Amino acid sequence: MERKLMSLLPSISLSEMEPNSTLGNHNSNRSCTTENFKREFYPIVYLVIFIWGALGNGFSIYVFLKPYKKSTSVNVFMLNLAISDLLFTITLPFRVDYYLRGSNXIFGDTPCRIMSYSMYVNMYSSIYFLTVLSVVRFLATVHPFRLLHTTSIKNAWILCGVIWIFIMASSTVLLKNGSEQKDNVTLCLELNSNKVTKLKTMNYVALVVGFVLPFGTLSICYLLIIRALLKVEVPESGLRLSHRKALITVIIALIIFLLCFLPYHVLRTLHLLEWKADKCKDRLHKAVAVTLALAAANSCFNPFLYYFAGENFKDRLKSALRKGRPQKTRCGFSVCVWLKKETRV
């Protein structure tokens, strides 16, 4: 019990916290479910997220890893964010198959554990990487020279390592909760009535540490950037590049938080507070199902962050795309002049 409560982040979002209809007795409650909704909704949404997330983040990783003349700490954070998204999207086909079969897992116990583990590792690592990105971008506009050493490539990798270790270590409890056999059906990703009370307490900690604090930090960064822009005399050509990138980074991060993470954390909390073994709340179950899909969709929105706010990402992208094109033949000045004369009509 104490070991589980010490796991602050994804461990609080156990697989049992996913929207489910398994209420008490399995036989009597199969009729009071959102099974049909999940069977129709999840496979389509997860398949779209898988295709776009795998292509977008896979190609982004390729662009980030291509040799380039200049690399920054921002690129390091974005690369780790893309890796987290790609690792998560790889597990989505298993979720698609599970819901297409009417919430029946056929791949065994291990994939069931990994599905829950990857979902929440991705969610909270994304939250922390987005928050760190916004803070670094904000501080770069306020103390650009003082933070030159602090935001070095080496320190960026160290910070990413700390985030990975913290999130993955606190999520290990998810690997202890696998599939469950009931009435010739192998259940996975289901809410267990025996653990609701404990999950309520754990959810509150996750809500504060995993969402409220990062979201509050993002909001403060946004307000302080606006304040800094109002104080600084903006040249006629427009915003200074560092200010513009900082503002774009925080705005996109806030949009992802508001669209993907806020609805899920609010409805997940409400779902646990309202959950009772003898009552069926189809509307709430469906709402939580939709917000869970939105949380998973964060991996589709992050590539837009790389493109619009990434450090040299557009230049890296152009360089990567030019590699496959045939190079123009170069010639000496005298030869080119001769060719021009000979081909003149």
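For all residues, glycine too, the Cβ spot is worked out from N, Cα and C.
Considering the side of the membrane named for each residue in Swiss-Prot, GLU35 and ILE153 do not coincide.
The record in Swiss-Prot lists a disulphide bond between CYS188 and one of CYS112, CYS221, CYS260, namely CYS112.
In this model, the topological domain 'Extracellular' (268-287) carries an average pLDDT of 77. According to DSSP, ASN184 (N-linked glycosylation site) sits in a coil region rather than a helix or strand. Note: the stretches the transmembrane segment (155-175) and the transmembrane segment (44-64) are not in contact (fewer than 3 CB pairs below 8 A, sequence gap of 6 or more). Here the recorded positions are ASN184, CYS188; the one with the fewest Cβ atoms within 10 Å of its Cβ is ASN184.
Counting residues 6+ beyond its ends, the transmembrane segment (288-308) has Cβ neighbours under 8 Å at 18-19, 34, 37-38, 41-42, 45-46, 48-49, 52-53, 56-57, 59-60, 63-64, 78, 81-82, 85-86, 88-89, 92, 119, 122-123, 126, 130, 133, 248-249, 252-253, 255-256, 259-261, 263-264, 266-268, 271, 314, 317 in the same chain.
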